[in-house]
Amino acid sequence: MSGWADERGGEGDGRIYVGNLPTDVREKDLEDLFYKYGRIREIELKNRHGLVPFAFVRFEDPRDAEDAIYGRNGYDYGQCRLRVEFPRAYGGRGGWPRASRNGPPTRRSDFRVLVSGLPPSGSWQDLKDHMREAGDVCYADVQKDGMGMVEYLRKEDMEYALRKLDDTKFRSHEGETSYIRVYPERGTSYGCSRSRSGSRGRDSPYQSRGSPHYFSPFRPY
């Protein structure tokens, strides 16, 4: 039995509502659906006879709840299309401002790194999951040419990412892997710039630094 006293909670406590679930859904199924977005603190499944099941999932980090909404709202699960949202209307009392349903969260920072060499199936959620090894990521975005951008809450986390996550193995949610490059945005002076691949264009921080090499389990290598 869950200890949640109020099912109406909000974005500040890391809780999300999951509706339109299949009738045979289990808590383990919900864990499998949402574990990639962050550490789950609690799952409460409401499966009452004659009613469409729904659930509440609480993440330890409220920002992971935001990611889960963007990643799973409208997701086709079996014969059902999931409805994933905060238990009440977004109130603006902390957390990320809401962007479009399929876009990244819009909280921004000046502690920014660029990433190249992402595999075609790499999403902004995958990029955030990989780069959060260096610290708290407040924004992540991915372009179609294998480029990405990540912003950290703290300067020291950004600097750690430049030192430790450059030339590391990245894996997408579809299993594609590649070795990515991580470097500072042009014009910054964080002491970690690299020149191995030549200069980047003045106007486009997403200009490629060379052809990425990636492996897909679904196509010949």
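Including glycine, each Cβ sits where the backbone N, Cα and C put it.
The domain 'RRM 1' annotation in Swiss-Prot covers 14-89. The SUMO2 cross-link feature in Swiss-Prot is assigned to Lys36; the stated evidence is similarity to another entry. For 111-187, the entry in Swiss-Prot reads domain 'RRM 2'. The compositional bias 'Low complexity' annotation in Swiss-Prot covers 187-198. The region 'Disordered' feature in Swiss-Prot is assigned to 187-221. Summarising the annotation, Swiss-Prot assigns region 'Interaction with SAFB1' to 188-200 and lists similarity to another entry as the type of evidence. The phosphoserine annotation in Swiss-Prot covers Ser189, Ser193, Ser195, Ser204, Ser208, Ser211, Ser216. Taken from Swiss-Prot, the feature phosphotyrosine applies to Tyr214, supported by similarity to another entry.
Same-chain residues at least 6 positions away in sequence with a Cβ under 8 Å from that of Lys36 (SUMO2 cross-link) are, in sequence order, Gly71, Gln125, Asp129, His173. Within the domain 'RRM 2' (111-187), the DSSP-based counts of helix, strand and coil residues read 21 helix, 29 strand, 27 coil.
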